[in-house]
Amino acid sequence: MAPPLPSSSMAPPRLIHSGTGLLDTCSQIPPPPPAVAAKMSGPTTDTPAAIQICRIMRPDDANVAGNVHGGTILKMIEEAGAIISTRHCNSQNGERCVAALARVERTDFLSPMCIGEVAHVSAEITYTSKHSVEVQVHVMSENILTGTKKLTNKATLWYVPLSLKNVDKVLEVPPIVYLRQEQEEEGRKRYEAQKLERMETKWRNGDIVQPVLNPEPNTVSYSQSSLIHLVGPSDCTLHGFVHGGVTMKLMDEVAGIVAARHCKTNIVTASVDAINFHDKIRKGCVITISGRMTFTSNKSMEIEVLVDADPVVDNSQKRYRAASAFFTYVSLNQEGKPMPVPQLVPETEDEKKRFEEGKGRYLQMKAKRQGHTEPQP
């Protein structure tokens with residue numbers, strides 16, 4: 001349970017975390033000077049201060065080439081978002097709650113992170129609706145030998161506060177104060193857009209990945225993969241449902257296996273389309289994370305990942321779709337440069353349809369990136 005915030009007459013301290021993977025300790029650093037705080041573009045100090053998680057990347061965080069798994073970074077992003085949103089939702093007197101991840105907007109991996117570098121994950125609340133919180137997160141990598149820092153990720157996450165007494169009950173979110181009216185209007189537009197997109201994903205909830213015997217190389221069936229995982233206490237919050245970051249890490253792992261099977265080279269996560277969490281996954285469920293190739297361009301691969309939960313200890317509930325997303329991977333040569341990938345060979349009518357849909361998403365994103373100044377994978 002989050003501690004009460006300081007009096008509104010005094011700005012709450014900014015927080016910085018250091019650890020080896022678990023959010024177990026925090027130390028405080030002084031708040032920014034008033035002159036600096038007044039220039040901040042986000043909410044005023046009536047909202048919880050921004051937080052930062054710092055952790056050095058270790059060998060078990062990365063692949064054989066030393067590149068940190070995208071799932072590891074996504075998990076850290078979600079941890080930071082969960083902390084700041086849960087604190088905010090408990091900042092006023094009322095029923096205690098925990099913030100649960102509902103959606104992650106498209107996330108680009110702008111620069112690879114390597115073993116030995118320090119990840120700095122900063123999170124800030126940028127909008128609240130009646131029942132949801134928008135958190136924006138930035139990830140920087142730091143080479144502690146040279147002092148070089150690079151922006152690796154920017155992400156937007158949406159959380160909903162669930163009552164501790166009944167995790168199926170969504171509570172109201174305390175409002176935040178904006179420096180400019182335009183910030184609230186822009187946030188409302190983002191909220192309405194993501195709400196509509198979440199509804200549009202539900203039509204795919206009955207789609208499943210079927211195994212195929214003796215598939216041909218470069219086909220969808222050849223590289224498709226599944227992972228079955230029993231949800232244990234270490235995967236869950238104190239209230240019995242899975243951390244969103246744990247789910248995203250498993251999704252990235254499966255997507256990486258699909259990409260590696262397809263091109264048989266070193267691969268890295270380039271981007272993740274919006275991840276929608278359709279329903280909570282409770283402790284004791286058996287989850288199946290399935291991935292299949294949907295589209296290939298010259299140097300990238302799109303993999304659809306579906307997460308299904310089977311509440312084996314509860315006969316009253318059937319298997320259900322818990323989360324879904326599209327991951328994009330690139331293949332790297334020995335110098336770490338993107339290289340061509342084998343072209344996908346769709347066989348069935350459904351595979352051809354998914355291929356065309358993937359092509360549409362690829363062309364749409366390519367058009368958006370024209371004129372983009374940030375480095376791309």
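Cβ coordinates are placed from backbone N, Cα and C, and glycine is handled just like the others.
When TrEMBL is compared with the stretches 1-43, 173-215, the one noted as region 'Disordered' is 1-43. Sorting each residue of the compositional bias 'Basic and acidic residues' (350-360) by its DSSP state yields 11 helix, 0 strand, 0 coil. Across the domain 'HotDog ACOT-type' (221-335), the prediction's mean pLDDT works out to 93. Straight-line distance linking the Cα atoms of Asp252 (active site) and Asn63 (active site), rounded to a whole number, equals 12 Å. In terms of DSSP secondary structure, the domain 'HotDog ACOT-type' (221-335) contains 26 helix, 55 strand, 34 coil.
Its own atom aside, the Cβ of Asn63 (active site) has 15 Cβ atoms within 10 angstroms in the protein chains shown.
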